[in-house]
Amino acid sequence: MSETINDDDVHSEENVSNKDSQRSKKSPESLVESGIASEATKDLEDEAVEDSEEEEIKDVHHYVFFIFAMFGFGSLLPWNMFLNISFDYYTMFKLREDSGNATWFSSNFQNSMTISAQIPSLAFSVINVFIAMKGDLTRRMRSCLIVVQSMVVVTIIFIYIETSSLSDDVQMRASLFFVLSSIAVITCYVLLKILEKFSFYRKFGELKPSAMSREGEERTSWSRIGEAFSKSKMQFANIFILFFVTLALFPNVCMYVRDAPKGKPHDFFVSEKYFMDVVVFLNFNLFAFLGSLLANWVRFPGPNTIWIPVVARFWFMFYFPAANYLPMDYDRIYSVLFSSTWLFMLNVCLFALTSGYLSSLIMMYAPRSHEDPKAQRIAGMIASFFLIFGIVVGLVFSWQIRLFMTGYA
């Protein structure tokens, strides 16, 4: 009985020693593989932790989203207010003679003003292509808001200089427009201070500032610009044509389309006093906004076929001048082909909707032609340049449309 127990003990000891020897005889390759596996596991765990940390920080109730939307609203409101009141205030009163007769300045103010407003944007867009801006984003935004607010105040002051011939109604409207713009800009400034307190903005808005500053110090080389052109040139052409057509017609042509020819009474549900404000400016801005929103959910056509609707928009280049386009202080020499005001409203809505929708798609497609983040940044900057370049060329061409329709009077 004792011998049997001893034999079992011997066998068990031999099995344990054999297992230990097998463990000690593992190859170096297996040890390396196990080490790599453990490191990979650690990396995955670290990434999972980082992802979980990022998922924890959310834009609660979309506050950050609405603040940035307010920035867009507040920064563009002064320009739209100026554009909206410019006809009644500058064209019809400020720049006319005391007798009410037109001057060269009153007749050409709209074209001159819109072109002049875009030249600085064009110049800075060229600079942005070659030199990436660096520094604190909120500081730059704060500086821009201060400049805009200063210009609004200066404009309000000029309303009350040499305005003896103005009616109180127009003067009050102009003041109200710019006071509202001033309130919007001040609100944006306050919201900018509030934005910095959100953890969501601090996490994603200030991500790796040192890396961003190092990239900002680099100057764009011609080779990188050539690379961006090689893959995104079609989108650059699309964005140029799109905004060329849009700004050739809005606002300098669309704003002068009337409900009825000269000498006939106004007959539309929107009164003549607010016809331009509602049918042209409100409709265009509303549907351009809706078109931009639509691009978040519907992305058709694709990057290879988006040129088709872009080119199709040349229809509007024919339609709007052929409608009841009656430029102030000039007589058109060609007959009106499209007299329906409802058709005009429909075309304004479609014109604005396609402008907002297609521009959003093209500005998304242009950088996505590249995989390198730096190339994407350069492609985005170049696309912005062609956008503004199309605006400037379109505004210049709108002057030619007026001259052509009035026999170069």
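Just so it is clear, glycine is given a Cβ too, placed from its N, Cα and C backbone atoms.
Per TrEMBL, these features apply:
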| type | residues | note |
| --- | --- | --- |
| REGION | 1-51 | region 'Disordered' |
| COMPBIAS | 8-28 | compositional bias 'Basic and acidic residues' |
| TRANSMEM | 63-82 | transmembrane segment |
| TRANSMEM | 113-131 | transmembrane segment |
| TRANSMEM | 143-161 | transmembrane segment |
| TRANSMEM | 173-192 | transmembrane segment |
| TRANSMEM | 239-258 | transmembrane segment |
| TRANSMEM | 278-298 | transmembrane segment |
| TRANSMEM | 305-322 | transmembrane segment |
| TRANSMEM | 342-366 | transmembrane segment |
| TRANSMEM | 378-401 | transmembrane segment |
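Counting Cβ pairs under 8 Å to the transmembrane segment (342-366), the stretch among 239-258, 278-298, 305-322 with the most such contacts is 278-298. Between the transmembrane segment (305-322) and the stretches 113-131, 173-192, 239-258, 278-298, Cβ pairs under 8 Å are most numerous for 239-258. Only pairs six or more apart in sequence are counted, and the transmembrane segment (63-82) with the transmembrane segment (173-192) gives three or more Cβ pairs under 8 Å, enough to call it a contact.
Counting same-chain residues at least six beyond the ends of the transmembrane segment (239-258), those with a Cβ under 8 angstroms from any Cβ of the stretch are 83, 87, 110-111, 114, 266, 275-276, 280-281, 284, 310-311, 313-314, 316-317, 320-321, 323-328, 344, 348, 351-352, 355, 358-359, 362-363, 366, 383, 386-395, 397-399, 401-402.
Within the chain, the transmembrane segment (173-192) has long-range Cβ neighbours (under 8 A, six or more residues past its boundaries) at 67, 70-71, 73-75, 77-78, 81-82, 84-85, 88-89, 138, 141-142, 145-146, 148-149, 152-153, 155-156, 159.
Long-range contacts of the transmembrane segment (113-131) within the same chain, counting only residues at least 6 positions beyond its ends with a Cβ under 8 Å from a Cβ of the stretch, are 79, 83, 86, 90, 219-220, 225, 247, 251-252, 378, 381-382, 384-385, 387-389, 391-392, 395-396, 398-399.
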